[in-house]
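Before any comments, here is the structure.
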Amino acid sequence: MTAIPLLDIRDLTVEFATRRGTVQAVRQVDVSVARGETVGIVGESGSGKSVTSYAVMRILDRAGRIAGGEVSFSGIDLRAAGERQMRDLRGREISMIFQNPRAALNPIRKVGHQIEDVLRQHAEAGSGDAKEKAIAALEQVKIARPEERYHAYPFELSGGMCQRVVIALALACRPQLLIADEPTTGLDVTTQKAVMDLVTALTAERGMSTVLITHDLGLAAAYCDRIVVMEQGRVVETAPATTIFRAPSHAYTRKLMQATPRPGVTLRDLLPAGAPAAPAARAEAAGAPLLTVSGLTKEYPRAKAGLLKRKAAAAEAPFRAVDALSFSVNRGESVGLVGESGCGKSTTSTMVMRLLDPSAGSIVFSGEDISRVPAARFARHALRPKIQMVFQDPTESLNPRWTAARAIADPLLRFRTVKGGDAIRARCEELARLVGLPVELLDRFPHQLSGGQKARVGIARAIAPSPDLVILDEPTAALDVSVQAVVLNLLADLKQALGMSYLFVSHDLQVVRMLCDRVIVMRAGRIVEEGPTEAVLEAPQAEYTRALLAAIPHPPV
Amino acid sequence: MSATGSPALAPAPARSGISATLAHAVAVVSGNPVTGFAFALLLGLVACAILGPSLVPYDPLASDTSVALQAPTLAHPFGTDQLGRDILSRVVVAARLDLTIAVASVALVFVAGGLAGIMAGFFGGWTDRIVGRLADTIMAFPLFVLAMGIVAALGNTVTNIVLATAIINFPLYARLARAEAAQRRNAGFVMAARLTGNTDLRIVLTSILPNILPIMMVQMSLTMGYAILNAAGLSFIGLGVRPPTPEWGIMVAEGASFIVSGEWWIALFPGLALMLAVFCFNLIGDGLRDIVDPQRRT
Amino acid sequence: MLRTLLDRFATTLPALAGVVVVSFLLTRVLPGDTAAYFAGPAATPQAIAQIRTELGLDRSLPEQFARYVADLARGDLGRSLTTGQPVTTDLGSRLPASAELTLFGLVLSLLVAVPLGVAAALRQGSLVDHACRVVATAGVSLPVFFTGLLLVYVFYFVLGWSPAPLGRLDAFASPPPTRTGFFLLDSLMAGDIETFRAALAQIALPGLTLAIFALAPIARITRAAMLAVLAADFVRTARAAGLSSRRVVVTYALRNAMLPVVTTLGMVFSFLLGANVLVEKVFAWPGVGSYAVEALIASDFAPVQGFVLAMALLYTVLNLLIDLAYGLIDPRVRAAA
């Protein structure tokens, strides 16, 4: 590392003017990127990792400004560069790709024209060869039939395909540095692997440098040479990827690393050392069947467009979101329902929850076929308290006008399990203690609570009526990894203590492995593979399961 | 502004949402002089509407041809009209009628449109189709023209002006309430409420309505101005209120023919009153939006 | 393309049906004796009876409705008592005057409001932005007939710049040969600059009045749409790719921001067609609005109802055009159709 770095950030401080005064989002940050090197910037939400990259590109929004430090690229002082000079650098020397690729493209302009815009701006193409070069750029990111895709609009392409277009756009002018800001967040794990492999291949082939910004330490470790860990606007550690997992030096890195789900660890391993002792070994799933689902099917009519096409549409077969699904959950067991987006796992859980009526099939719960009770009337059913749910987004699942206590008390009031104001309050406090929510927070409104606290309120509400089955719908997907570790452990402890069964809906096989006894892998509304978690993960039978497992980024251990 | 509003919430979270909202409202009003001004203006308007007849120096209907068409003087600060009536007195007294029409029509459509919209958004299906079709049909007309047609058909009375104004505002309320309810229909907290055994009616009352109400209030304030304009427009073309009743729209109409000969005060003062009233409700609407806006209520 | 057109047209059919039903109801809900209403205040009992049979009021409601629709299909909206002409003829001869005024006002306000809204969004918090906010709030508070009177007082009475507010041309000028029915266009086509100037002088104040009225909603939505689009991810992508600010603002931001503006035009037309009635009364403009107002005063109801129906049909067609314009900008809508 004797050569001059390509990008050198020293002592960078970025301030934002807010209604509450000036906030420092990035404080005295040092990052350097050598030619051909891939550097990962890792941190949880609010760590300032994205703001750092926007500052480098000088595309901070109006309220933000660089308050101190130096940024130099190839010897050019980016802080002092004029807007015209910056514009020539952006896209030609430094490019960027973003999270949520579909939103990152102009929705009403053909993708080919968007690539041409960049090529022409940087005089890489004239009006004669622009189209040809744009198609070549699409071809390089391995888009099939690039001549056709040139004319496509973003809404006609899948999320993964859009991200390829964004990459093509970023690499069209052969820049020296690529900044990738959470490039795969929101994409399915197999798509994530394909996108990351593509970026790695293209940048290596051109000898480019890359900055990968991510919240996923595993992803960063798998693809980067060096990792910079950020916390609350500061860099806390910089180390080679190969050593950071083995010997993290900073306490925060250790915590972050430890909280990241990875092969060969238990839930308890995710928590910092010194956490309460591990509970007894997982109870063997020996109970009688609690839930038996057979032949469960949900069909939707295909969307019809326009009056004139109605006839044609009616002839088409309806879309089957869930196709003759059968499985069971035993008492005291937790079963994982895994699949990528659109596989029908959420539709399945909503039907089991009795919020949606199935098109066919039965749902036998506690010996009664509850699929016969229409969803609209199930609210009054005696088994209603026995099936509860923890929702994906803790914020959205709480009524903004209710305090935490009111939210937790709602099932108690409706099911009349506890009567009288004092008794209900006492039970709320008991539940709060059970889920580790400080009792003094009970009188706060959702907007006054943190994400983790809201998740706890949601869990307390779900267990309040002493359910037999709790459906967990991606309960940690919206949470930072360290909060996720705590919530997952809480869920495991509660199951142990209260003897409930879980149906755990998730896209994350690593998390499922730690929490579930059995796993069901779904694809396109059907079960692909089913079995004890360890068996399925160690020796997957189905091709699809193998692909899913292979796509999980493996940090060098 | 929210910076001054929120610390009051953070250290001692209030038990009731209402007092927290109120505290926030006070902070916004005191922090935003324009909204404060609008509220002061509203108080003035309401005072005129309630106390009008006992405040004014002259009988608004008494004509005195000896002082006809006088420009503003100390005795008649707003001048007199072609019959020698005191314009100041007429403008002040008219506040009651104009505000009553606006408040009555907005209250009517708030209840009818709000309920229909919430039902349509929450239940979907045929309720949604009926309400949607009704709103679409009304929206297919230019709204003021439809109001003209309704008043012409139903008869030239103040009640029908109220009714027509309510009808043309129906789509606005129904659509807003529908969109807000539909957006929350599958929200996590509504699903959670179903899981805890709440009936649909209870969910609407506890989970949907309280969360929609603030936005509906903003809408109410903004359409209040529109209702006033609409009613005044109708009476300007001779529908609804009839002379010699003092009403701002009709007074402007009476003054219109004198504008070309330079007697500006007959039309100006009632027109200004009209403008001020509408302006006031629009400012309050914008102010309320700031209070309701969740982004400013962190 | 024809397919799209037909599809779009099909979507307006329910609205059209609603319009016909409502206007039928409006002719039947008249309190008291409908026939007496239609006959006018001075009619004899025989005349009333004759009108009752003519209108078919002695038959069942479904029968009356069928007759009403059949009449409509033939373009028969009844006869005006005041002019003695069929309402359709009257409306047809007066429509160009109203259309010219409305379009003049709309174009004028678009020319000011869109640049103002864009400038306000690009320079948030600047003087332009504050100006835009004042225009947006004050504009919606001004009663349109009051604005008109103020303009007449200032520009006609005080300054004397403008001719008397009495119609489309002053009494001594003769209208240009009719081609479009729009005096401004017709006089230009005939090469008659004198008449063009006279027509422009007459339309300036009423047009300005309508423009001021339409300014507020257009400026407000342009500013809001532009702000939303400038904060969008794809604008950030375009900036990060080094595109020039002109390209980012025009090709990326403005075209997307035009979508909500085009949608709002529907509402603006609704307002304009209503405001037109008031402005025509203030400026004695010989359009359909003042025709309806005169009929109202004379308790002559067939023209009023014909006017309401005609405006609704016109408005439906305008909305159809707006839908088509939207489809031209937004490929997502084209694909859905």
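Note that Cβ sites are derived from N, Cα and C of the backbone, with glycine treated the same way.
Keep in mind the model is a prediction, meaning the values are calculated, not measured.
Annotation comment: TrEMBL describes C:95-326 as domain 'ABC transmembrane type-1'.
Listed by sequence, the residues of this chain that lie at least six past the ends of the transmembrane segment (C:12-30) yet keep a Cβ under 8 A from its Cβ atoms are 37, 61, 64-65, 68-69, 72, 301, 305, 308-309, 312-313, 316, 319-320. The transmembrane segment annotation in TrEMBL covers C:12-30 (among others).
As annotated by TrEMBL, transmembrane segment applies to C:101-122 (among others). Panel annotation: around the transmembrane segment (C:101-122), residues 128-129, 131-133, 135, 182, 184, 203, 206-215, 218-227, 230, 249, 254, 257, 261, 268-269, 272-273, 276, 279-280, 285, 287 of the same chain, lying at least six beyond its termini, place a Cβ under 8 Å from a Cβ of the stretch.
If one looks beyond the transmembrane segment (C:134-159) by at least 6 residues along the same chain, the residues whose Cβ comes under 8 Å of a Cβ in the stretch are 116, 165, 205-206, 208-210, 212-213, 215-217, 219-220, 223, 275, 278-279, 281-283. Residues or ranges marked as transmembrane segment in TrEMBL: C:134-159 (among others).
Panel annotation: around the transmembrane segment (C:196-216), residues 100-102, 104-106, 108-109, 112-113, 135-140, 142, 144, 147-148, 151-152, 155-156, 162-163, 165, 167-170, 173, 176, 183-184, 187-188, 268, 271-272, 275-276, 279-280, 282-283, 285 of the same chain, lying at least six beyond its termini, place a Cβ under 8 Å from a Cβ of the stretch. Marked as transmembrane segment by TrEMBL: C:196-216 (among others).
Away from its own ends, the transmembrane segment (C:257-279) comes close to residues 98, 101-102, 105-106, 114, 118, 121, 144-145, 148, 206, 209-210, 213-214, 217-218, 221-222, 224-226, 228-229, 285, 287, 289-290, 292-293, 311, 314-315, 318-319, 322, 325-326, 329-330 of its chain (Cβ-Cβ under 8 Å, at least six residues beyond either end). The feature transmembrane segment is assigned by TrEMBL to C:257-279 (among others).
Here TrEMBL flags C:307-329 (among others) as transmembrane segment.
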